[in-house]
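One structure below.
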Amino acid sequence: MARTTAINRYRNIGICAHVDAGKTTTTERILFYTGLSHKMGEVHDGAATTDWMVQEQERGITITSAAVTTFWKGSRGQYDNYRVNVIDTPGHVDFTIEVERSLRVLDGAVVVFCGTSGVEPQSETVWRQANKYGVPRVVYVNKMDRAGANFLRVVGQIKNRLGHTPVPVQLAIGAEDNFEGQVDLIKMKAIYWNDDDKGTTYREEEIPADMLDLANEWRSNMVEAAAEANEELMNKYLEEGDLTVEEIKAGLRARTLASEIVPAVCGSSFKNKGVPLVLDAVIDFLPAPTEIPAIKGIHPDLIEKPKDELVEADYDERHADDAEPFSALAFKIATDPFVGTLTFVRVYSGFLSSGDSVINSVKGKKERVGRMVQMHANQREEIKEVRAGDIAALIGMKDVTTGDTLCDLDKQIILERMDFPEPVISVAVEPKTKQDQEKMGIALGKLAQEDPSFRVKTDEETGQTIISGMGELHLDILVDRMKREFNVEANIGKPQVSYREKISKSNVEIEGKFVRQSGGRGQFGHCWIRFSEPDVDANGNITEGLVFTNEVVGGVVPKEYIPAIQKGIEEQMKNGVVAGYPLIGLKATVFDGSYHDVDSNEMAFKVAASMATKQLAQKGGGVVLEPIMKVEVVTPEDYMGDVMGDLNRRRGLIQGMDDSVSGKVIRAEVPLGEMFGYATDVRSMSQGRASYSMEFSKYAEAPSNIVEALVKKQG
């Protein structure tokens, strides 16, 4: 079957925003307008169509949220049919992982801001993540009908607070109750929306006389920004003082794809004024899969090689081309009560038909692809194949987790994995009844498969099941989902902080010796190891894991025992050296030792290395680290003193303060151990008017009274 939409007419986009910018309404409107332009005849005969709104009401948790395929011909039918895959992203910081994983598979993003609140603390987090993945963006300033809305003020905030260059391609006509439409700066026309068809169509008129000067000023800014795309456009602009509509769009597009500028549009999704033009901006300014850099990957044989040791020759590339070997990234796993496990994948190269086999190159397991579906604005469609650039859900994959690569059996590759943060908070969960016991195991397994920032383990000493995640809200929602989706009732223990340890000295030389020789075959392992504290970057982040080097010369320790020494250090790192918490990072160099022809073996050297590592508590200056959270509280000014006093009592360090529409924004770094129950406390302090967000910042040394309590607890 041939491709129905040319790949240069694909757009894989995400709608990103913080909690109250009106993202859900905007996404719903996109589905509404694209659903209208999607001709039913294009759906393959016999496709199972179900109204997605009914499904959402049944579920509560949507499967449409992962990825929806829509079609768009332009607000005036000015384009060939474009295929727009919309990936939804949550706005809450406990779910930063969700945003990260969707940005990883997007080619472009629409970032929604509220016309009144503008740039809020959480919008900065989303923006930073989009920078990390180099995602080209279009800005949509929504809620222009709200009191205090001001498009150009928000544009100024994006420039000053986010450090990016926004280029308005529209201006708002009126604001608040009098918001009527937009000035299209590219065509220099005023746009007014028709209420009788819910803003599907609009009429173009001349720009109101009182706005002409402002429109001319912003248009010349925009044309100048477009002209800076290349020399040819710049020369024409300098000679003629203007560019054609096509040239303006081409110039802005080139600079948007290079992440030099972000085109900005405005509107009111709720009042049906402007969303079709947001979709036009997606087509005009955001990239097709062929316009983003080829995705890189490594061969499965190199999976154990540390990332910083990989050289250019180790990498392979996959281009957005049907003729290349198949490769895809699983970016979300969802459990659907009707069809079982849905694995959402982004196809980067090649094509795949249902019934084909692929290999999960991360786990080395072969999987047969049964059914495949795509979500549309108003139906779920069973499809027979996927091609480069597509986003679809595979049904019935057995052993795939988020971030795994699926690829061609003969041309294997592991695409760059997503970085998943380590959980910072843990709680014990216990099933309420015997019947819940087994169900809980299955439920937790499924939830962990869906969400890589959620971990499940059994405490060896107490036998309790411990779940870990990114914050209290994260774990609350997972426990709630266990109850709602899997019918499992569980009791939750008190939250526990994930402490870590490290050493504070460098170049500490320690001897590890394990000798058992009492007749017959004995044990003999002897090594000298030089330990140093891990490196720390400019932002205070510690290099995690073991950096191990071998400087043994002359064969005093045979080569085959070196991996055992490394393993011994790693195993002891998991158990810690001060209070039983894992060592976050460590540098170790084995440089000397001795062996016995008969009695030496791998086990003996492993034990010797482990014994040497244990001595770091005294000799290496072992310290306990606690997770420090970046906290932002938005509070009315009247409660500012109380909020700041409370943060100080929680050992918080105030980093700074800003003004926002809703009051003062207090930025602080606070140890996680002091933040339990903060949601309730901050509400009661401010009579329910303050709100806060919190994300992991770094690990830092814990004060001695806390360390003493932890050591005592370990007994």
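Each Cβ is built from the backbone N, Cα and C atoms, and glycine gets one as well.
According to Swiss-Prot, the protein has these features:
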- 8-290: domain 'tr-type G' (DOMAIN)
- 17-24, 88-92, 142-145: GTP binding site (BINDING)
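Where Swiss-Prot records a feature, it is marked here on the structure.
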{"residue": "ALA17", "record": "GTP binding site", "Cβ neighbours (10 Å)": "27"}
{"residue": "LYS23", "record": "GTP binding site", "Cβ neighbours (10 Å)": "24"}
{"residue": "MET144", "record": "GTP binding site", "Cβ neighbours (10 Å)": "29"}
Look up MET144 (GTP binding site) in the DSSP assignment and reduce it to helix, strand or coil.
coil
The mean pLDDT across the domain 'tr-type G' (8-290) is 82
